[in-house]
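*Asks:* In case it's useful when we look at the structure, here is the feature table from Swiss-Prot:
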type: CARBOHYD; residues: Asn442; note: N-linked glycosylation site
type: CARBOHYD; residues: Asn452; note: N-linked glycosylation site
type: MOD_RES; residues: Ser57; note: phosphoserine
type: MOD_RES; residues: Ser87; note: phosphoserine
type: MOD_RES; residues: Thr91; note: phosphothreonine
type: MOD_RES; residues: Thr96; note: phosphothreonine
type: MOD_RES; residues: Thr101; note: phosphothreonine
type: MOD_RES; residues: Thr114; note: phosphothreonine
type: MOD_RES; residues: Ser116; note: phosphoserine
type: MOD_RES; residues: Ser126; note: phosphoserine
type: MOD_RES; residues: Ser144; note: phosphoserine
type: REGION; residues: 29-49; note: region 'Disordered'
type: MOTIF; residues: 16-19; note: motif 'RFXV motif'
type: TOPO_DOM; residues: 1-173; note: topological domain 'Cytoplasmic'
type: TOPO_DOM; residues: 219-255; note: topological domain 'Cytoplasmic'
type: TOPO_DOM; residues: 277-298; note: topological domain 'Extracellular'
type: TOPO_DOM; residues: 320-323; note: topological domain 'Cytoplasmic'
type: TOPO_DOM; residues: 345-375; note: topological domain 'Extracellular'
type: TOPO_DOM; residues: 397-413; note: topological domain 'Cytoplasmic'
type: TOPO_DOM; residues: 435-546; note: topological domain 'Extracellular'
type: TOPO_DOM; residues: 589-605; note: topological domain 'Extracellular'
type: TOPO_DOM; residues: 627-1095; note: topological domain 'Cytoplasmic'
type: TRANSMEM; residues: 174-194; note: transmembrane segment
type: TRANSMEM; residues: 198-218; note: transmembrane segment
type: TRANSMEM; residues: 256-276; note: transmembrane segment
type: TRANSMEM; residues: 299-319; note: transmembrane segment
type: TRANSMEM; residues: 324-344; note: transmembrane segment
type: TRANSMEM; residues: 376-396; note: transmembrane segment
type: TRANSMEM; residues: 414-434; note: transmembrane segment
type: TRANSMEM; residues: 547-567; note: transmembrane segment
type: TRANSMEM; residues: 568-588; note: transmembrane segment
type: TRANSMEM; residues: 606-626; note: transmembrane segment
Amino acid sequence: MSVSIPSNSVPSSASRFQVHVINEGHGSAAAVGDSADPPHYEETSFGDEAQNRLRISFRPGNQECYDNFLQTGETAKTDTTFHAYDSHTNTYYLQTFGHNTMDAVPKIEYYRNTGSVSGPKVNRPSLLEIHEQLAKNVTVAPGSADRVANGDGMPGDEQAENKEEDMTGVVKFGWVKGVLVRCMLNIWGVMLFIRLSWIVGEAGIGLGVLIILLSTMVTSITGLSTSAIATNGFVRGGGAYYLISRSLGPEFGGSIGLIFAFANAVAVAMYVVGFAETVVDLLKESDSMMVDPTNDIRIIGSITVVILLGISVAGMEWEAKAQVILLVILLIAIANFFIGTVIPSNNEKKSRGFFNYQASIFAENFGPSFTKGEGFFSVFAIFFPAATGILAGANISGDLEDPQDAIPRGTMLAIFITTVAYIGVAICVAACVVRDATGSMNDTIVSGMNCNGSAACGLGYDFSRCQHEPCQYGLMNNFQVMSMVSGFGPLITAGIFSATLSSALASLVSAPKVFQALCKDNIFKGLQFFAKGYGKNNEPLRGYFLTFVIAMAFILIAELNVIAPIISNFFLASYALINFSCFHASYAKSPGWRPAYGIYNMWVSLFGAILCCAVMFVINWWAAVITYVIELFLYIYVTYKKPDVNWGSSTQALSYVSALDNALELTTVEDHVKNFRPQCIVLTGGPMTRPALLDITHAFTKNSGLCICCEVFVGPRKLCVKEMNSGMAKKQAWLIKNKIKAFYAAVAADCFRDGVRSLLQASGLGRMKPNTLVIGYKKNWRKAPLSELENYVGIIHDAFDFEIGVVIVRISQGFDISPVLQVQDELEKLEQERLALEAAIKDNECEEGKGGIRGLFKKAGKLNITKPAPKKDGNISSIQSMHVGEFNQKLVEASAQFKKKQGKGTIDVWWLFDDGGLTLLIPYILTLRKKWKDCKLRIYVGGKITRIEEEKISMASLLSKFRIKFADIHIIGDINIKPNKESWKVFEEMIEPYRLHESHKDLTTAEKLKRESPWKITDAELEAVKEKSYRQVRLNELLQEHSRAANLIVLSLPVARKGSISDLLYMAWLEILTKNLPPVLLVRGNHKNVLTFYS
């Protein structure tokens, strides 16, 4: 395929690439014909002003593809036949390169969002489809997995609008009418006609131009940042709100979006009042006042805003036409001023200070001459609002044909043109008009009179008395200087009308558009009413009327001098955040930050953000404080509400970079006992199936350690991997929704023990590796298959082999609530079926069908399936409201026992063996938690009866050095005595079914029994560890005596030496040790210190 440079010139596209599209046709013969002629291409190129941009070539004979491209600007087909999900039989996939392959060539449809209005999203063949063995009639669900996994979905409200929209009749604007015109009109405000002459009179030409350039620097940097963000992907409607929210996230976007929309709504009132004041001045001159100045402003303002609302509601096309007419009037007014500067002035104008271009006047006005109370920054504060308005085009981003191209071109060109105009007007008016003039033609200088050396004196006028008394004319005194200088004064008045009305109209359109986008994202609950759009252009009519009400309210107040500085600061706050967004996205180094507009710099953007914040305080410090307070309040509100959106913001990207940097930094830090914290692997299976196990672990890892909920999928890898992958996101989401600070990890393995081994070795990252294994006690060990028992005890051995501590948790009812969840699932399915039937009834107008199905519902009501089932991902406590029947309500209550606040009680710590201190550290951490803070620690340790007091003092001293508070210390001196006969008999009856009794057999028979049942407990083994068995039984007696009323018991876990103690005997030890007790934690550290008393 050849590549050539486009030669012709037509309007440019937003794409930055050269692309050749070859249509292979629908017939295979055309694709593989041996005698096919060399391809001939019909070329379509898009603009010589943008080299290395889009160039597309089509084969002849495919007019449909060519027409589709001209309409949408995209190179790929949008035929709905490509939605066929049976990609094994879809011939499109088999023709990607003209030979038999399911792999698809790159297409734009694969990268669209689900609700894209430019065309439907197409699902590429999944990895499983092209990797698994080929099977007939394999179908893929309509939702592609890669969309969910990579988070390129859209908010729920946009998904609800996922429809094929008829685009005919939709009005879209190019960069000139959509951005350039609007920005120029908004930047050229009344300041150009009635305040610029005063500014240059106060600051002089030098500082006046500096003020203009400083303002331009702020807006130019913001324009560059806006351009970079706008070209980093497809831009929807919403303007500044959309740019900020998709860059920094909903917290910043939501807070600035609301105040930005409000600022635009109030700005409508400000501009309309400015227009009304000018009209009232004209009425005063002609002595045609209606009531009084204040009420006349209200009457004229109200009528004006009603007319502007009518233009806006009529549609964007009418509003755009009105803007073009107003721009023409404004340009004529500006041209009229420049023409007036070269028309020789008459005596009346000279007496008012206008002498045409004079070098002496230019020299005199070049330096500053600040009056009392004015300075550089005060004058700058007055001028800067005139430079704003650069987001007028971006605010209607949803109505632009190509926002990525229009926003940068229109905004930057508008800034350049308006800046040149401001500087030109400032220099010209300062070169023609003196600062002070009396307006009296009698002040001419008669020959022979002394001259004070001023420029006016040299030109024949003596305005020296203006130094002692106020004068009415000149740059410093007359706000109508431009009207006086112009060739035809009424045109300047028309220009003022044009500037105020165009700015009001732009704000009246911007506010509803931004507010509609904010409401669509549903960040602020309750504002969804204003998200609805009407007509082809999705016009926010409800937003228009809301803006009208706000504008009308402030017009009727007619006191805008107080609110004006706050509104200016609202705009500046949005500029600051746009600059910060650009910096933040660059600093986060996300691969997704790839703006097509490369003329920006992250540090310049940061400087622009700081500059905007500084200008806010320069303009009005108290208004800046109010702006920050309001924005902070809204930010905190949105953060607290946590809107369910995922926009891939730079905040998320920076979180990843920070986490990565910190994890890497952590690898350089050596382990120290003072920094030890429990980092736990918890074998919960699915987190929702064993909530109590997760709750107790989370209690001592929350905010202080790592918690990984692990699940092992046992079985054929092919089946297990599919099941595992399908549920990982859902289970992690369950943890997040239930506010459990933990990760979810899963592995697929041939057996449970192999999976746990993999988790023990590979889980974690760097220093954040697990050091503790938490498992639930296997309550059904006597009924479980032998292989399960071997795996259970085996993973304890494996943990010790990897030098990982072990915590076994036992509660009386057990942990697994899967039976309850199964009932819940069944109820949910029944509820869904019921709702589906009800929906069918509403759609079906047949009375017979209604009666028959409703009869079924009455019967179903008796079965209790008409009540909505509780949500599965809710708190486990909600399950209690279900009708679980025979599925053991006690199990449900037990599963939620660690969610509740523990009353006043004790945590009894039986620190029998020194394991490095983990047995003591875990209960101490528990007492720091809100739910356990009312529980006191009671410490139990073994000792000699003859030295109880000495050992008690010694242990108290050790705990004091560890800085661990305790309520009491008990030294148990009778641990090693034999247990009661009744207790020992219970233990013997427990192990009886598993004993070999080989000592009563001859040697041959005994050896045979050992070979046939190697898992059974031999007499020799039982005799060898008899003292240890006595100890376990005796400990249970002591626990029953001392800790039966405790809230929690933490007990040293006995260790079974490998090869010496069988699995069944070890489980019997754990059973008899923890039998008939409150919740128990059996803890054994890795015998490395986790406590220290050194500083």
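The backbone N, Cα and C atoms fix where each Cβ goes, and this holds for glycine too.
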*Asks:* Within the topological domain 'Extracellular' (277-298), how many residues are helix, strand or coil going by DSSP?
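*Replies:* Within the topological domain 'Extracellular' (277-298) the tally stands at 15 helix, 0 strand, 7 coil.
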*Asks:* Can the transmembrane segment (568-588) be said to touch the transmembrane segment (174-194) if we require at least 3 CB pairs below 8 Å and skip pairs under 6 apart in sequence?
*Replies:* no
*Asks:* Under a Cβ pair cut-off of under 8 Å, which of the recorded stretches 174-194, 324-344, 606-626 contacts the transmembrane segment (376-396) most often?
*Replies:* 174-194
*Asks:* Answer yes if the transmembrane segment (606-626) and the transmembrane segment (198-218) have at least three CB pairs under 8 Å among residue pairs 6 or more apart in sequence, and no otherwise.
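*Replies:* When sequence-distant Cβ pairs are counted, the transmembrane segment (198-218) touches the transmembrane segment (606-626), since at least 3 lie under 8 Å.
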*Asks:* Give the nonlocal contacts of the topological domain 'Extracellular' (345-375) in its own chain as ranges (CB under 8 Å, at least six residues past its ends).
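*Replies:* Residues packing against the topological domain 'Extracellular' (345-375) from afar: 200-207, 428, 430-441, 443, 454-456, 458-461, 463, 473-476, 478, 481, 484-485.
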*Asks:* With Cβ distances under 8 Å as the criterion, find the stretch in 174-194, 198-218, 256-276, 324-344 that has the most pairs with the transmembrane segment (414-434).
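*Replies:* Looking only at 174-194, 198-218, 256-276, 324-344, the most contacts with the transmembrane segment (414-434) come from 198-218.
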*Asks:* Could you list the residues of the same chain, at least six apart in sequence, whose Cβ is under 8 A from the Cβ of Asn442 (N-linked glycosylation site)?
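*Replies:* When sequence neighbours closer than 6 are ignored, Asn442 (N-linked glycosylation site) has nothing within Cβ distance under 8 Å.
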*Asks:* Residues sitting near the topological domain 'Cytoplasmic' (219-255): Cβ under 8 Å, six or more positions beyond its termini, same chain?
*Replies:* 14, 187, 261, 387-388, 390-391, 394-399, 403-404, 407-408, 411-412, 415, 510, 513-514, 516-518, 521, 523-524, 538, 574-575, 577-585, 592-597, 599-600, 604-605, 607-608, 611-612, 631-632, 634-635, 637-639, 643, 645, 647-652
*Asks:* Hey, which bits of the same chain come close to the topological domain 'Cytoplasmic' (320-323), Cβ under 8 Å, at least six residues off its ends?
*Replies:* 171, 173, 177-178, 181-182, 185, 311, 502, 505-506
*Asks:* Is the topological domain 'Cytoplasmic' (397-413) packed against any residues at least 6 beyond its ends, judged by a Cβ distance under 8 Å, and which are they?
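*Replies:* Residues 12-14, 73, 171-176, 178-180, 182-183, 220, 223-224, 226-227, 230-231, 234-239, 242, 316, 390-391, 513, 517, 537-538, 596-597.
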